[in-house]
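Have a look at the structure below, then the notes.
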Amino acid sequence: MAAKLEVREAMLTEKRVCRFCLTEQKLASIFEENPRVKTTANLPLQIMAITAIEVYAGDGMPGHICLECRLLFEHCYRFKQMCKRAETLLRQYPLTGNWPSPLEKPRAPMTMVASKKLLVVPAKTAEPSETPKKLLNTMAKSSSQVIIEDVQVLESAMVTPRTVAGSSPVPRRSHAYELKVDNNQELSMDDVQSMLEDMASELEKEFPDIPQKASPVKPKVLNKSSIRILNKGPAAPVEPRLATPKVKRDDSGNVAIVTEVLDSDLPLDDQDDPTKNAEKVATDVFPCPDCERSFPLQQLLEIHRLNHTRSRSFQCLLCEKSFFSKYDLAKHNFVHTGERPFKCAICSKAFTRKALLHRHERTHTDVPKFICVYCEKPFLSRQEMEKHAERHQKKRPFQCGVCTKSFAFKQGLERHETVHSTNLPFPCQHCERSFSTASKLARHLVAHAGKRAYPCKYCHKSYMLSHHLSRHLRTHTQTSDASFVCSECKVSYSNYNDLLDHALIHATASLKCPMCRKQIEDIDSVESHMDQHKQSERHACEFCDHIFLTQKCLQRHIEDDHVVEMEPYQNEFEDDGEGEGGVDEKEEHLDDFEDMDNVKQEEFVTEYLEDDALYEDHLDDSDESFTPPPPKQRKTNPPKDAQQSVRQTRSRDAQRITQKTGKNEGKPHHKLERNLKNRRSAK
């Protein structure tokens, strides 16, 4: 059985079939860029954004896509970008007062390949010059999404010469007007319309002008249903694709349009419909129907969807933005005040959120850590460690009767006792555990989700959720094959230097760089500033078209201008945090989940769903609970003061180092501490 499975998996990988419609014609690789197709983003990213399906080389699936699906993905992606752009402009209107101008809609995809023919055959008529031109122009104006294959316009050789009053006899002619298109050449609707109009002009030159009065009777359309099919617009729920449309006339001059509708668009019987008889299979990707996100477990998706029905009841007094919780609103207020209350103890760099500070502190790998004697948690500064130690020294008279935890307040004990209850409102579907809040359940579900299912193909990072990967992939495409868009006028360029040359025009006019929004002192400094963009590394924003000179400038821009966009990534699966320090711990774990590699699965906190203000567990138990350590491993008597805690930490660290490397190896640790003190005193 295992051998058959391996054989089938190998056949699936090598099968030359379109991964999305299962056709075997006109295939191309998903992972190789087609130079004839101008795209707004690479194809795997478009597929992820539209279908929530991640494709990458070596994923065990067919690696091909047909031409029609390729164009449809490009069209859908452009449409999605247009919708998001419209949403942004509409939300900016209350703040700016500038009503946005209409956006340009993406053109419908059109493919033309040379295999079949479109025949326009005029029969006997008194006006051989008028009918072909009218028919072609009508088709050029009305056809919206017709797959035309190798167009030929033929004049019948059986035209009978007739003499019309005031004109010369029409000679007998036998000409063929043929327009061939190379295989797999992509043409837009404008190209097709122009092509048909040119063909009509050629026909007009071949025939002399005939007075209008010579044709009092207009030809009758015999099959109006075919006309309706040709003219069917994009608003139709299911638009049939047409192959080989033919325009014919009978002996009386009446017009008939004969079309062949592709079999895949005809109504199917239930027994022939693959979707009716398809067996449902389990999948590890559960896309949200209300947004572009997807999740590895169905229950995570259900928790996420709760936020689509929640109301934003906390409104900012300085602008019109609203938030789910007081904590979100407090974070947003930093944008207006400019306050950055969380400072690094090593380099004094300031941040608006403690989670960003914790992420930054991990970069100081060469600085000795101060270890808490109670829980062995490391800190970069003695002050932080002493403040943390005070929490362990609190009197906690309220002890749980089931476990060893104790609490400083009775309310904390009552909240904790719900943990031991077997009738909690949020049960896990994969085990017998249940939880008091949806956020705690979501964090527990990470253990069931297994490994991170979405690895990046360009670097070593991997992600638990598809939209985390999608957001990360934009950082690669901004510096590779993606088009570069001017933030001022939205003109796009395929080359970064071309964009900079264009941006120089805007910067000269306004003395403000359109790339990084920096105000330039004078016109003489404009060119030198743009040269810095050419020579320095590019730090592209994931949410807009700005590109900055340094990572610091980019981070400041995101914190100031994209607070709303960052909310879905910062707040999912998070408790309200209105209690004493509860949010800080969760934010720190969230950063580990999204940015760190090779971390134990139990330490992950899944991506935020928005603050869990729906539920009442506002305090984290770790803030006021304390579990006495086992007597063999830790000291049961707490130190009398914080200074004694520091001395014990130093002594214990020195003993550890001595045991591992020798008696004299403990000295460098204290030497680093002295260097750290000198650095602080110098500052």
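Cβ coordinates come from backbone N, Cα and C, glycine included.
Range 484-506 is the one annotated as zinc finger, of 1-23, 47-69, 484-506 (source: Swiss-Prot). The range from 109-131, 132-154, 454-476 that Swiss-Prot describes as zinc finger is residues 454-476. Of the candidate ranges 25-37, 220-232, 233-245, 246-258, Swiss-Prot annotates residues 220-232 with the feature region 'Essential for interaction with Cp190'. Segment annotation: Swiss-Prot labels zinc finger over residues 370-392 (candidates 71-93, 370-392). In the three-state DSSP scheme, C66 (Zn(2+) binding site) falls into the strand class. It is C21, among the binding-site residues C18, C21, C66, C69, whose Cβ has the fewest other Cβ atoms within 10 Å in the structure shown. Each residue in R19, F20, L22, T23, L27, I65, L67, E68, R70 lies on the same chain as C18, C21, C66, C69 and has a C-beta within 8 Å of the C-beta centroid of that Zn(2+) site, without being one of the site residues.
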